[in-house]
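I have placed the structure first, in the form of structure tokens, so that the comments after it can refer back to it.
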Amino acid sequence: MNGDKKQVTDIVETLKKGPLDPNVEVVIGVPAIYLAYVQSIVPGTISVAAQNCWKVAKGAFTGEISPAMIKDIGANWVILGHSERRTIFGEKDDLVAEKVAHALENGLKVIACIGETLEEREAGKTEEVVFRQTKALLPAIGNNWANVVLAYEPVWAIGTGKTASPQQAQDVHASLRNWLSSNASPDVAASVRIQYGGSVTAANAKELSAFPDID
């Protein structure tokens with residue numbers, strides 16, 4: 001819940017100046033109130049994502065938005081399962097999976113977020129947590145992996161200034177690909193994009209992206 005219309009516009013203008021790598025898919029996730037505005041000013045090389053949506057098409061869910069509404073204004077992406085939705089709003093794995101399933105069924109592409117808390121990392125439960133969260137998504141995604149990006153975002157590294165070291169991030173991504181190979185398919189493990197999110201800056205982005213399993 002950050003930014004305003006001017007800040008969003010400034011970000012878009014910066015991206016427009018580019019040049020953007022044609023091999024990189026650029027997606028901006030913006031607050032719902034700015035979705036239509038940003039969709040109207042981005043060039044065709046940049047996509048727009050909602051930061052959340054609900055699990056049904058319509059109904060008495062005041063304050064929520066649906067995949068159909070997101071599609072209606074021309075956006076094609078949604079971020080689901082963000083750690084703040086999980087920790088602050090109490091969204092559990094099964095609810096995130098329901099949202100992912102409905103979004104995919106309605107033609108949206110999904111950035112599905114997973115990640116452990118500091119307590120879970122210090123207890124040595126990082127893999128247990130991210131595997132559990134990903135396992136919940138498998139039935140929701142089915143054969144739709146081409147429209148899904150996984151985002152590994154350790155909760156303790158979001159907005160705190162703390163960052164998982166590039167090697168720590170790589171280790172989790174590699175373990176996740178191995179798990180996907182056994183529990184989804186080797187093709188999914190090799191092809192799915194797994195991003196890292198958590199206090200990423202211009203200074204550390206290049207080092208993070210140099211690792212083979214970090215997209």
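Note: Cβ is positioned from N, Cα and C throughout, glycine not excepted.
Every protein chain shown contributes to the tally, and the Cβ of His82 (active site, electrophile) ends up with 24 other Cβ atoms within 10 Å. DSSP classifies His82 (active site, electrophile) as coil under the three-state reduction. Swiss-Prot lists His82 with the feature active site, electrophile, giving similarity to another entry as the kind of evidence.
Packing around Glu153 (active site, proton acceptor) is summarised by its Cβ count: 23 other Cβ atoms lie within 10 angstroms of its Cβ, all protein chains included. Under the DSSP three-state reduction, Glu153 (active site, proton acceptor) is assigned to coil, being neither helix nor strand. Marked as active site, proton acceptor by Swiss-Prot: Glu153.
Rounded to the nearest whole angstrom, the C-alpha distance between Glu153 (active site, proton acceptor) and His82 (active site, electrophile) is 8.
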